[in-house]
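J.: One structure is given below, represented as C-alpha cells, and several questions about it will come after.
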C-alpha cells in the first residue's frame, strides 16, 4: 500500500483528473499523518547491530516516510544537512545506518589521489606453440618372433633282437627261467636288403674278444631271409615292422635245462627332433645322436660321432614304406646311416634353409603408429596394448645373415608381402597409399618388426601438387636412413646386425605392455600439459590487454586486483602512478540506507553510491564519503545521478551485496544467487580412459613343448611299445618256476663258470628228487593210484608170508630142482659120499635099481638121524651152502656166456640151447 501511495503522490495531477476527489483527500491525510509521526521520533547514532529482518522492517518504515514527505513536498528532518564546499555532511540516525560485513580481506580504506610509484603494462605476449614435434607415421606392422619349435624329421632305426629263452622241465611241469634280449645293429650291407626288398637275414654275428659268435633264428643253423611285417602295436609318431611276432621255444628234456634263440628284425620309422643351433638330434626313444641333421660331409655342420661308422649314400633307392613286398620305391638324394653297437640309424639329409625357418609370424597389426624418438622408433599397437621399441638401424633382409651361409629372413619375406598386400587391399585401398618400401627392425625384446608405412591419399596428392609448384611440404615422417657425404657424393651406409647373441635376448613380452602403458601415460600427460600451457598463455595475453584498457577507466581497481591488495592509482600519461590506501577506523564506519537527496522536502536528485560516515584512526572527527568497490571509501558526496524509476542497485561488499530499491536499502543479498559472467577459458583435460591389457602369449604351450628335443611323452610311449612287444612263451612253457630254483640259479650264476656248472648239477639232482616226490604224492592222491598201491601192499605182504613159510625155496630155488648125482670117487657104489671139502660125511643109500634112497633117510623120520650137531657143524653146513650157491650161479653165468644165438629154424630142429635141458629118461612121458 505504501508503494501505491507513493506512486499516487508522485503523479497527483494526472491521478486527480482520473479519480475521485475523495480519494485524493484521503491520500493527502494519510501522508501527512505519517510525516508527522516520523518527524516526532528523536535520534542519536548508536552502533547499529540489527540483523537482516530488523533492517528490512526499518527500510519499509522509512520508505513509507519518504513517500509521505514527497507527497507533501516538505523537507524531512533526516535530510537536514550542512554544505561545506561540494561535500554534504548528512545527518545520521540509528534507523538509517547499517554495519558493513566482510572487512578481513578488503577493509574500509581511503585511497588518496596523490600517487608516488610509477608502473606500466608490458607489450603483447607471444604464446609459444607447444605442439610436439615428434614425427608420427601410420602403417601396417607384422611382428615375427623367434621360432623355438624344434625341427622334426623322419628317422629309421634298424636292429636285430636276439632273444634267448631259458627253461627247465621236470616230470610234470616246464619252468620258464627268463629271457635275455641282445640288440645288434644291422650291418651296412644288410641295409640294402631291408630298404630295397623288405627282407632281412635270420642270422646275426658278433665279435667278442676277437671271436665270432653267431646266432640263428629258431636254432636252425641256416641263414635265410625273412619278410618284414607291420607290428601289432603302433603310435602316432612311430611305426614298427618286425619279422617275428610269435616266439619259438624248444621244450626241455626231463630234469634238464634248455635254451632257444629267436632272431627278430626290427625296423622302426619314428621321429627325431633338433633345435637351434642344430648340433645334435634326439630320437623319440631318447637316443641322442651327436651329429647335425644337416651334415652332408661337405659343410661345416657339427659332427661328433665315429666317422668309421658313418656313411652317406647319394641317390639311394629304397622302399617308400615297409611291410609290403610290392611297396613302391623312391630315390633319396642324400641318405645318411650311422651304425652303433645296438642299432643302425638312417635319415634323409635336407638343406637347412629349405626345411627350417628362424622366425615365425606372431601378430599382424593393421593399424599401427610409428613414432620417431631421439634414439629409435616406437611401434605402438592399441589393439595389442603394446609398444615395441627398436633402434633406427634397419635390417637388410636381402643379404646373407652374418654367421650363416644363407639368408634367414627369406623364409618370411614372401609371407610378409602377402600379408601386407592382403591388409592393404581389405582396409586401405580406398583411402591410403603405400609410403616407402618394406622395412625390417629388430626390437629390444628380440622380435622382428616388418613395417609398411601408409599415407593418406589427400596428403599424397597435396605433396604431389607442392612438388609440381616447387613448394616444400613438411611431412611427419622423417627419413629412415642416414647418409654420409664422401667427396661430394652421398653414400648410404647400413651396418649388419649380428644375431650371435640370440640366446641372450629376453623373450618376455610383458616389457612391451609396460612400454605401451608408459607411452599412453606420457601422451596423455603431455597433451594435458600442452593444453594447460596454451590456455595459460592465451589467458595471460587476453588479461594483459584487458587490464591495460581497463586501467584507463579505473586504475585503482585494476591494480588492486593485480597486486591483490588495496592500492590507489591514477593515469600519468602512458604510465600509472600508484600508492598505498589509508585504512580508517573500521568500527566507526556507517553505511546509510537512503541514497536520495532532498531539497525543501522534495527529492531533487540521488546518489550513485551509498553514503558512508567514518573516522580516521586516532581521530574523533566524523568524515563522510561514498562506498566504493570492495569497501573502498571515496571521499566526498558529489557522485550523484538522476533518480530512476523502479531502480534496483546491488553493491558488493565481500561475499554479500547491499540491495537498494528506488535508492533505499531493501535487504542483504547473497552473491550465490547472482550468476557469474563465465570468463574462464576451458581446460581440455579428460579423465584417463581405462585400458584393459590383453594377455599376450608370445609362445603357446604347444610351441614350448615342441621346443624341447627330449619329448617325455614320446619317450614313454616308445618305452611302452617296447614293453608290450616283449611277450612270454606260449602255453608250452609255463611260468611257474619255484622261487628257490630262481634264487639258486641266480646265486650260482654269480659264482662264475664253475658255480654255473655246479648249479646245473645241483639243479638236476634237486629237480629229480623234487620230481620223484611230487610224482609219488600225485600218484597216491589219485584214486586209481591209491587202489593200485593197496594191491601192491597186499602183494608184498603175500610175498613176505611165502618167504617166511618157505625160506629154503625162496633163497635156494635150485634146491627144489633135480640135482646132479655125485658119484663117490671109488666107484658107483660106495660107502659114504664125499662132499665138499670140510663137509661132514653124508650117508646115501642107493637101491638096486639105481635109485637114490638118501632122501628117505632124511624124511622117513622126523627126528632125523639121532645125531647131535655142534655149532661147528652148523657153521660148516652154512659154508657148504654158500659154496653150493656160488657154484650154481657161476654155472648159470657160463651157460649164458657160451650160448649161441639161435634162429627160428634151430628152434624148430631142436637145436635151441637157450637154457632148456632134456628131462631124464625116467621122468619122460614117452616110452621107448
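Cβ atoms here come from the backbone N, Cα and C positions, even for glycine.
The feature disulfide bond is assigned by Swiss-Prot to 111-581, 127-537, 200-265, 357-411, 606-643. Positions annotated as N-linked glycosylation site by Swiss-Prot: 93, 223, 315, 354, 398, 429, 470, 487, 618, 667. Per Swiss-Prot, region 'Disordered' is recorded for 40-79, 826-863, 887-928. The region 'Involved in fusion and/or binding to host membrane' feature in Swiss-Prot is assigned to 167-173, 252-259. For 729-781, 740-780, the entry in Swiss-Prot reads region 'Hydrophobic membrane proximal region'. What Swiss-Prot lists as motif 'Internalization motif' is 916-919, and the listing cites sequence analysis. Among the features that Swiss-Prot reports, signal peptide is placed at 1-37, with the record citing sequence analysis. The topological domain 'Virion surface' feature in Swiss-Prot is assigned to 38-783. The topological domain 'Intravirion' annotation in Swiss-Prot covers 805-928, and the record cites sequence analysis as its basis.
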J.: What recorded positions in the list 265, 315, 354 lie within 10 angstroms of residue 411 (disulfide bond), counting C-alpha atoms?
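T.: Of everything listed, what lies within 10 Å of residue 411 (disulfide bond) (Cα to Cα) is 354.
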J.: Cβ neighbours within 10 Å, counted over all protein chains: which one of the glycosylation sites 354, 398, 429, 618, 667 has the most?
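T.: That would be 667, with the most Cβ atoms nearby.
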J.: Mind checking which of 111, 127, 411, 581 has the fewest other CB atoms within 10 A of its CB? They're the disulfide-bonded residues.
T.: 127
J.: What does the structure give for the C-alpha distance between residue 618 (N-linked glycosylation site) and residue 643 (disulfide bond)? Integer Å is fine.
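T.: On Cα coordinates alone, these residues lie 37 Å apart.
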J.: Please compare the glycosylation sites 223, 315 by how many other CB atoms fall within 10 Å of each one's CB, and tell me which has the fewest.
T.: 315
J.: Can you tell me the three-state DSSP label for residue 618 (N-linked glycosylation site)?
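T.: Once the DSSP labels are grouped into three classes, residue 618 (N-linked glycosylation site) ends up as coil.
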J.: Cβ-Cβ under 8 Å from residue 357 (disulfide bond), same chain, 6 or more residues apart: which ones?
T.: 147, 408, 411, 412
J.: Need one number: mean pLDDT over the motif 'Internalization motif' (916-919).
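T.: For the motif 'Internalization motif' (916-919), the model's average pLDDT rounds to 54.
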J.: Quick check: of the glycosylation sites listed here (223, 315, 354), which one has the Cα closest to that of residue 127 (disulfide bond)?
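T.: Sorting the glycosylation sites by distance from residue 127 (disulfide bond), the top entry is 354.
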J.: If you measure residue 667 (N-linked glycosylation site) to residue 606 (disulfide bond) at Cα, how many Å is it?
T.: 19
J.: Return only the integer: C-alpha distance in Å from residue 643 (disulfide bond) to residue 429 (N-linked glycosylation site).
T.: 76
J.: Of 200, 265, 429, 537, 581, which is closest to residue 398 (N-linked glycosylation site) if I measure between C-alpha atoms? They're all recorded positions.
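T.: With Cα distances computed to residue 398 (N-linked glycosylation site), the winner among 200, 265, 429, 537, 581 is 429.
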J.: Using a Cβ cut-off under 8 Å and a sequence separation of 6 or more, which residues in the same chain sit near residue 265 (disulfide bond)?
T.: 158, 160, 186, 194, 200, 226, 228, 242, 243, 244
